[in-house]
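J.: Here you go, one structure.
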């Protein structure tokens, strides 16, 4: 697809692709910051243990940083198409069938993201907690959903805040997958870059 055909793409398609590109720009920098934070946390943990004054909450902090890094990084990689994929079928199918297979796999990713988002909605039940006046104890007493009353073991952070990475990942995954689908079916030219594409080939 040429640049002129990209300009001919419908405005909503161009907006969606641009929004996805902007989102992945933010995700890559957030992932880099989390990776740096993780390295510093691990280094601090090693040093404090070596001198005999370990910080007991640092292990849990490292786990949470790794979890957020994994979800944010996976979302960004899906947009950049740097995620793991089994391409044997698409590579060995007839030329005309390859795009269909790749588009089908993207549709499955969209379905997975929507399903994960729906399950996260049921789990977090924002309507229920709002109906309870954002009273976590009252909400837990009527719904037996203790998400908003639990805290992490050592950091004592609200567990719901830590777990918000899951619905955020689901939303970002769907946004990126739809943008990838637009590009795969030829509605718009692929323009997203990360600087890693040449190394990944």
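Just so you know, glycine gets a Cβ as well, placed from its N, Cα and C.
As annotated by TrEMBL, transmembrane segment applies to 22-43, 55-76, 96-119, 126-148, 160-182. Taken from TrEMBL, the feature domain 'Tripartite ATP-independent periplasmic transporters DctQ component' applies to 38-184.
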J.: For the transmembrane segment (126-148), name the stretch out of 22-43, 55-76, 96-119, 160-182 with the most CB-CB pairs under 8 Å.
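T.: Stretch with maximum Cβ contacts: 160-182.
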J.: Using a Cβ-Cβ cut-off of under 8 Å, list the residues of the same chain that are 6+ residues beyond the ends of the transmembrane segment (96-119) and lie near it.
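T.: Long-range Cβ neighbours of the transmembrane segment (96-119): 78, 85, 89-90, 166-167, 169-171, 173-174, 177-178, 180-181, 184-185.
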J.: Find the average pLDDT over the domain 'Tripartite ATP-independent periplasmic transporters DctQ component' (38-184) in the predicted model and report it.
T.: 91
